[in-house]
Amino acid sequence: MPLAPAVVLLGVFFAGPVVWSVLLSFTDASLTGSAARGTSFVGLDNVVTLVQDPAVWNAVVITVVFVVGSAVIGQNGLGLALALMLRGRGTAVRSLVTLPVMAAYVVPEIVAAFVWYAFLNPEGTLNTALGGLGLPGQSWLFTVPVLAVVLANIWRGTAFSMLIYLAALSQVPADVDEQAQVDGASGWTRLRYVTIPMIRRAIGTNLVLVTLQTLQVFTLIFVMTAGGPGDKSETLPLLMYEQAFQYAALGYGTAIALVLLAIGAVFSLGYIRAIGKEEI
Amino acid sequence: MAAPTAPRTRAGGGAGRAGRPVPSVASPRRRASDVLVTAVLVVVAVCFAVPLLWLLLAAVDPGATLQLRVPDEPGLDNFAAVLTPETTLRPLLNSLVLCLSAAAITVVVATLAAYPLSRYQLRYGRPFLYTVLFATGLPLTAVMVPVYSLFARLDLVDTRYGTVLFLAATSLPIAVWLLKSFMDGVPVELEEAAWTDGASAMQSLRSVVAPLMLPGMLVVGIFTFITAWGNFFVPFVLLLSEDKLPAAVTIYQFFGQYGAAAYGQLAAYSLLYTLPVVVLYLVVSRWLGGAFTLGGGVKG
């Protein structure tokens, strides 16, 4: 059966670990120490610890801020704005904008992280530019770490939304918009009542996709701030990494991973609703 | 770089406005807002370009700092400094081995899986596709901890083939999905001839469908390669020995060790590491006119 290799690979490396992790989250498994040898069943202890752990709640709040700020508002909003503004512009303007936006998207995540580390460093370009304008600079990664990683992630991911919306807008029949224009509707009114409703599906799909992508961002934050200072930019993936690999609490790290998986699964179901029905 | 712009608006993008029945008398206000929009676009373009410009300029600046500046004496010293076997060559080779193997496995397995999903009414075809689609949405980052503990049990930690298999598995859902839709586009009639000649399903897949699917398979392979090439977290967790680490991980170590001192070298290293990805993106976007980058844009 030609399906078999795919089923095996997905089963062993996807479903297996996920099921495994559900089981593991009921144990006190760890990388070192006595629990590494004799793992025992601890029932809902991890869940109880999880819910009572202020670090988890801190990470949940920061994750929500990061996802809403960089994906929902940032990438999605800026991507839509760019696509709308690019409509009807000349080829020169189009390439001038799409080239750097796409370049930011193509660059590997870790390079994007270096680039933003340099840009926001106290001796970096941003402070130099602000100094040139007579404005005070600061250590952005230290004073506003969440804003720093939000900006970097907007920079990195906006191209995706922009491409989705450029494609969606090119499907909108021009005569509807022109008719509204002839009827005297202003730019904002046409946008609100004609264009946006016509690309509603694309907006839904894009929101789900950028949310899913941003939920799992690890490298960018790990390199730029490592979750710090303290735990000020520690999202769920970073907390999970810290618990599992730095503190060697594999069982607890898995429990956090499950929270992340559960959030992802909810959005993934939204994704299936958004695009699955028509394409299967 | 010819950015894979999305399909143009009708009448070729830029020329669009000319055809509209907008009376030219009413244009001063319109032109003012046009200028404003263009100005905003230029500002956004500059904001996106500046961080990358630093990378490009610092790489050729032997005395590079964190500031964006035009080098006094541009040169390739930084590249010469990092182009040693330990620093870049071996890690890049490791990346190549990991990513090529993962891409090859993904393409073969996904093509095999896509065939029955596309050609037969399978009882479990739809649930399988829904599961695959669901899996494309799961946050991969979260799977890493359980995968690590699984690898620890199976003695797969710090093995190349374990890492390759996991990288292939992570790309599989989207690859199956894409190849299935590619295959739906290949008419069944072509195979029917082969079937009447007595070919089995696997034979017709190999001799009739696969050749027609080659572009699609290549594109899926390239995207798997790019995704794996840029993946830092997976090899960072699963591989330990220095001589097995791909560039994504060694560049991070370099950043920790020398990054604070040798920004120019870090930039040069980053460019060497980025180059293959950029080239492959250009190849794919030239070839497919960018339409595909949308479908393939779901990053792992």
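Backbone N, Cα and C atoms are what each Cβ position is placed from, and that goes for glycine too.
What TrEMBL annotates here:
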- B:1-10: compositional bias 'Low complexity' (COMPBIAS)
- B:1-26: region 'Disordered' (REGION)
- B:35-60: transmembrane segment (TRANSMEM)
- B:92-115: transmembrane segment (TRANSMEM)
- B:92-284: domain 'ABC transmembrane type-1' (DOMAIN)
- B:127-149: transmembrane segment (TRANSMEM)
- B:161-179: transmembrane segment (TRANSMEM)
- B:212-240: transmembrane segment (TRANSMEM)
- B:260-284: transmembrane segment (TRANSMEM)
Result, the transmembrane segment (B:212-240) in contact with the transmembrane segment (B:127-149) (3+ CB pairs under 8 Å)
yes
Between the transmembrane segment (B:35-60) and the stretches B:92-115, B:161-179, B:212-240, B:260-284, the largest tally of CB pairs under 8 Å belongs to B:260-284
For the transmembrane segment (B:260-284), what are the same-chain contacts with Cβ under 8 Å, counting residues 6+ beyond its ends?
1-2, 4, 54-56, 58-66, 77-79, 81-83, 87-88, 92, 95, 219, 222-223, 225-226, 229-230, 247-248, 251, 254, 292-293, 296
